[in-house]
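According to TrEMBL, the protein carries these features:
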TRANSMEM  A:12-38  transmembrane segment
TRANSMEM  A:58-80  transmembrane segment
TRANSMEM  A:92-118  transmembrane segment
TRANSMEM  A:138-159  transmembrane segment
TRANSMEM  A:191-211  transmembrane segment
TRANSMEM  A:223-250  transmembrane segment
TRANSMEM  A:257-277  transmembrane segment
């Protein structure tokens with residue numbers, strides 16, 4: 001029993017790592033831009049396909065392909081900022097609708113480029129760390145966990161300790177006051193979109209060999225990310241990380257003892273429950289709507 | 001007088017329309033008719049200012065309920081369709097308790113989550129919902145005759161006339177609702193919710209009313225669909241379909257009654273006639289996505305604003 005729990009815990013930790021990368025990016029975009037990026041799951045998918053194209057098809061080393069995926073998906077984020085969210089800045093519903101349109105375009109491009117079938121990606125390493133007879137941690141999962149911790153720490157340092165980070169947080173709190181202080185709204189929007197999208201891309205790239213890569217994989221990712229950001233409190237980065245861990249543990253445990261669909265139902269019920277009882281989430285503040 | 005002439009001409013054109021089309025185009029026409037009811041009911045829902053992402057799942061509730069009433073209880077199909085619509089309205093009423101504690105973005109996400117839960121329940125419970133494969137062999141409408149015309153429901157034309165009549169009646173009812181004091185209050189709740197509240201209007205009760213009524217019509221659309229295609233599954237009502245409905249409403253515009261219907265008809269014609277004939281089937285989501293983005297960027301008030309501009313000066317009314 002202890003071993004089963006330990007293994008479930010490790011699985012949950014792995015799930016929490018990539019979920020928090022996705023969710024933190026989504027929160028960052030919402031905080032700075034004020035739009036709900038429905039295409040976030042498809043940015044994750046684009047990161048996974050960067051691995052298909054570079055690592056599985058051409059044979060670029062795995063971590064180099066991940067880095068390329070990060071830059072590529074970050075670039076998609078910049079494109080979205082310039083072409084969609086900037087012209088629609090005064091129209092929050094418009095930004096949401098435009099991101100749904102962008103989602104469909106990315107999905108159709110993936111279908112046209114790679115087909116609807118599932119991609120098989122050979123894992124970069126088959127090594128497994130054997131902790132005990134029944135508790136094992138594949139190295140490829142450890143890579144995801146370590147990368148998530150490193151990236152989120154780097155983001156935390158950037159936001160709390162650098163000038164750009166200060167500017168970003170200032171314009172998230174009050175765009176007009178920030179603009180009056182000489183902070184360029186367009187520039188902070190660009191940085192936020194690049195980082196937010198790149199985090200989703202990295203999560204997709206890192207997990208590509210471990211999940212089934214297909215053009216419609218973004219759907220479950222965005223559903224999970226919504227659950228996490230609502231439970232954590234929209235606009236709260238710390239909340240998103242804590243809620244990712246919480247959600248990953250609940251989901252993994254329910255999946256282990258019942259099945260995946262029940263776990264999804266439990267997750268969505270958690271979301272509805274939080275919305276009814278405490279709409280600001282665990283860490284949100286009331287004035288952020 | 002002019003309006004009556006236009007109305008009669010339009011009705012005649014709609015009756016004559018299927019006879020100029022191929023069999024597959026007639027089938028598309030049936031789907032289009034059902035979708036018109038769906039998108040018009042969606043507009044009724046948005047009158048109070050809340051945009052739901054669960055509307056297509058509510059349509060599915062009507063489809064599943066009506067199919068199960070005929071399959072399990074052997075009810076007469078038209079009766080089970082009405083009961084399906086009532087079930088959808090009842091489910092919406094139950095959902096309104098948690099959902100209308102939220103507004104705006106939270107309502108959007110909440111309705112999305114509620115819809116997904118219902119869809120997952122269909123997937124999880126093989127009995128009675130049939131699991132991921134859904135329900136098959138749903139009873140078709142029984143054939144009948146009204147003297148001068150025999151309804152034979154293997155023919156799409158017959159189903160088009162049947163569904164068209166139902167949809168026309170529903171549209172008329174929705175139009176009446178919108179122009180009744182209740183409908184005017186919906187508008188007030190949307191544009192001046194604080195003022196409406198201060199005037200003694202129970203804002204939440206009116207939001208619930210709009211939601212329940214719209215859901216009933218969506219459920220009827222689902223029932224019409226289920227007994228036409230004969231097979232439904234959880235993916236028939238997934239978020240992609242919801243995105244199409246949203247696109248129709250946005251492209252058409254939601255300020256007028258005809259806006260979303262216009263969007264639905266135009267995009268269906270673009271999609272089915274133009275894209276399918278030209279062989280762009282695979283690019284369908286891409287083009288839908290692009291149309292959605294372009295219309296929100298360059299035509300934020302929808303196609304209806306173009307119509308209003310063309311006929312506007314002569315008929316300057318709200």
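Cβ coordinates come from backbone N, Cα and C, glycine included.
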Highest-contact recorded stretch vs the transmembrane segment (A:257-277), from A:12-38, A:92-118, A:138-159, A:191-211, A:223-250, CB pairs under 8 Å: A:223-250
The transmembrane segment (A:58-80) versus listed stretches A:12-38, A:92-118, A:138-159, A:191-211, A:223-250: most Cβ pairs under 8 Å: A:191-211
Remote residues contacting the transmembrane segment (A:92-118) - C-beta distance under 8 A, at least 6 residues beyond either end: 33-39, 41-43, 45-46, 49, 52, 76, 80, 84-85, 212-216, 218
Positions whose Cβ lies under 8 angstroms from the transmembrane segment (A:138-159), at least six residues beyond its ends: 10, 13-14, 17-18, 20-21, 24, 66, 123-129, 165, 168-169, 195, 199, 202-203, 206-207, 209-210, 237, 241
